[in-house]
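Enquirer: I have a structure I would like to understand better, so I am pasting it below and will then ask my questions one at a time.
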Amino acid sequence: MESIVWLLLLSPALVAGSLHPRIDNGLAKTPQMGWNSYNYYSCSPNEAIVRSNAKALVDLGLADLGYRYVTTDCGWSVADRLPNGTLTWNETLFPSGFPAMGKYLHELGLLFGVYGDSGTKLCGSPPDQVGSLYHEEQDAKTFAEWGADSLKYDNCYSDAATNYPNVNYEPSTSPRPRYEIMSSALARVGRPILFQICEWGIDFPALWAPALGSSWRIGNDIIPEWRSIFRTLNQAVPNTDFAGPGQWADLDMLYVGNGVFSLPEEQTHFSLWAILKSPLTIGAALKDDDTSINQASLEVLKQKDVIGFNQDALGVSASLKRRWSDEGYEVWSGPLSGNRTVVAVINWRDESRDLTLDLPDVGLQYAQVARNIWGKTVVRDVRTSYTAGVAGHGTMLLELQGTIPSGLYPAKIFAKSTDQKTTFESIYAATTSANYELAITFSRPSTETVTITTSSGQTISISGKSGRIALTAGSNTITIQHKTPIESIQITPPTGTYYANTVFNVTGSAKHTTCGSGCSPVGSKIGDLSPNSNAYTSIPATTVGSKYLAIDYINNEVAFSSSWGWGSNSRNLTVSVNDGAPVRLEVPLSGRHSELFSPGKGWWDTATLGVLTSGWKKGENKVVFGNQGGEDGFQTYAADFVGVRILD
């Protein structure tokens, strides 16, 4: 059976194959792990700092867990090259030199990471430090001669058309050609050097970076504020299915251990970076003359299960499955090797509470084992849902084993039988509908007529093995009167009816626009939904109750320049039924093309998220999409609205 998760939560763009040609140098078969100086020491590293932190990787047992790349970020170089044109280090800060640094790291069993820039100067200038622009071939050879194992390659002072400013988030040309040049130069040095592309997500590098390097930054820098976690995850949503062996979406370095986040926040940060298959780069001061990492944060970084999710051989990123904006939580999930599944339920509220995972939201109906990683508990025989306490800003991180796909209910797990009556419990319904398809598998061939009673109050008789039944959104029971023993039942949700934006009327500033080849599946959308406007239509329903809506939206509010402050890359979108209370979604980014140079600038790329709406009546229903709450601090304009599938 096609999973309801596939039906409701994946846009056509995400279903299509998206692993682009990738560099094939044998590196980064799993996401790289290590330590970088920037998040704690900014652009002020020195030899003693790097060496002491590198030794701490070994002494604290982190190197044995895979943290091996040690990178000195900005602040290591000087303003001028040597007379022969080669790069050199700041001899005051690094008196032994970079070749000696590489030798020291290699003797510790670690890997030597260097940092460069595709512009005229390194980030962090002034004081000026020379970049690699127009010197790529020479610098690649120099890095190799020093014994470098990786290169983080930044994007400052790089836009010639605007006289090489420190930062330009809207350059006149793509950063791609500069990264192609360095990638080619590295390929010729005769030494494997892992290339980390760090151009901040400009020009949607997921489309081209995998052919050049082993990882690409998806967005602007993480900042030492909790809100940056939500912003980064929103940016990650359209990148997740590009990840794979040798090509990883980089969510930026970790702030775990820097005294910025609470312990639950650090667990959330580390969990999501891990399951999205981001490189795991420690940004904390592990050990120097003045400080050392606290034990609780160290235990987060050393959590072997979470590291195992990141380094899993299957190499598939988790993706966003559901988001409840008003309720303040969301669900991410992805497959692991060994037929396992990892699930993260994030509690965005700053209060502890119980949260429930409905397994069908991640494509499952049953788990033989549920391991709660941070809760340190193991539960067996999980049927349809799992509930646990989650700390404020914390995450319920689960490893599910021995799973059954959603919609399949084996009698030995879900049913109780007496004589010729079998009652199935924990039957999940995403929507209230009389159009669910029930298929019965008997233990032996049978053509008998059976009587079915559902908890919605329906009683029907069906001949053969299948029929249509009514279920209510939530948990249901089904009782079957029969003679032949039942092995299992399978329930398929209704496919529903799709309503394109073109059948909606608009008010205020809202307007219909066409999209060239984009805005799948209809080629148009409604944009400019401000708080004083909406899109409305009348939609028929065959039953009373709550209905699941799969909403097609577009958002490419990348918010590069505003991300340093309170800038948000989510967009508000609300839906109300029959003038009832609106259900609100803060939708993440959907753009999967360049925000600068593609025909639609990423605003033609459709994604899908689902919500459950109440207040439906039999017959015609007034359905309104808008931007309620936009006047209260959410985005001035809602996400663009493409269409909606109503499951009735």
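For all residues, glycine too, the Cβ spot is worked out from N, Cα and C.
Pasting the feature list from Swiss-Prot:
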type	residues	note
SIGNAL	1-17	signal peptide
CARBOHYD	Asn84	N-linked glycosylation site
CARBOHYD	Asn90	N-linked glycosylation site
DISULFID	Cys123-Cys156	disulfide bond
ACT_SITE	Asp154	active site, nucleophile
BINDING	Glu199, Trp200, Gly201, Ile202, Asp203	substrate binding site
ACT_SITE	Asp221	active site, proton donor
CARBOHYD	Asn339	N-linked glycosylation site
CARBOHYD	Asn505	N-linked glycosylation site
CARBOHYD	Asn572	N-linked glycosylation site
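Mind running through what each feature is packed against?
Expert: The Cβ of Asn84 (N-linked glycosylation site) has 6 neighbouring Cβ atoms from other residues within 10 Å, across all protein chains displayed.
Within the same chain, the residues at least 6 positions away from Asn90 (N-linked glycosylation site) whose Cβ sits under 8 Å from its Cβ are Gly75, Trp76, Ser77, Val78, listed in sequence order.
The Cβ of Cys156 (disulfide bond) has Asp117, Gly119, Lys121, Leu122, Cys123, Gly124, Ser125, Gly131, Asn166, Val167 as same-chain neighbours under 8 Å, each 6 or more residues away in sequence.
A C-beta separation below 8 Å, combined with a sequence spacing of at least six in one chain, links Asp154 (active site, nucleophile) to Cys74, Tyr115, Gly116, Asp117, Ser118, Gly119, Leu122, Cys123, Cys198, Glu199.
Sequence-distant contacts of Trp200 (substrate binding site), defined as residues of its own chain at least six apart whose C-beta falls under 8 angstroms from its C-beta, comprise Asn155, Tyr169, Arg217, Gly219, Asn220, Asp221, Phe560.
Asn339 (N-linked glycosylation site) carries neither a helix nor a strand DSSP state and counts as coil. If you take the C-beta of Asn339 (N-linked glycosylation site) and look for same-chain residues 6 or more apart in sequence within under 8 angstroms, you find Gln401, Gly402, Thr403.
Listed in sequence order, Ala535, Tyr536, Thr537 are the same-chain residues six or more apart from Asn505 (N-linked glycosylation site) with CB atoms under 8 A from its CB.
The 10 Å shell around the Cβ of Asn572 (N-linked glycosylation site) contains 26 further Cβ atoms across the protein chains shown.
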Enquirer: Compute the centroid of the Cβ atoms of Glu199, Trp200, Gly201, Ile202, Asp203, then list the same-chain residues not in that set whose Cβ lies within 8 Å of it, in sequence order, for the substrate site.
Expert: Asn155, Tyr169, Pro175, Phe204, Pro205, Arg217, Gly219, Phe560
Enquirer: Whole-number Å distance between the CA of Asn84 (N-linked glycosylation site) and the CA of Gly201 (substrate binding site)?
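Expert: About 34 Å separates the two Cα atoms.
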Enquirer: When neighbour density is defined as the number of other C-beta atoms within 10 angstroms of a residue's C-beta, which of the recorded positions Glu199, Asp203, Asp221 has the lowest density?
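Expert: With the recorded positions Glu199, Asp203, Asp221, fewest surrounding Cβ atoms within 10 Å: Asp221.
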Enquirer: According to DSSP, does Asn505 (N-linked glycosylation site) sit in a helix, a strand, or coil?
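Expert: Asn505 (N-linked glycosylation site) sits in a strand per DSSP.
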Enquirer: Taking the Cα atoms as reference points, how far is Gly201 (substrate binding site) from Asn572 (N-linked glycosylation site) in Å?
Expert: 22
Enquirer: With every protein chain in view, what's the tally of Cβ atoms within 10 Å of the Cβ of Gly201 (substrate binding site), excluding that atom itself?
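Expert: There are 26 such Cβ atoms around Gly201 (substrate binding site).
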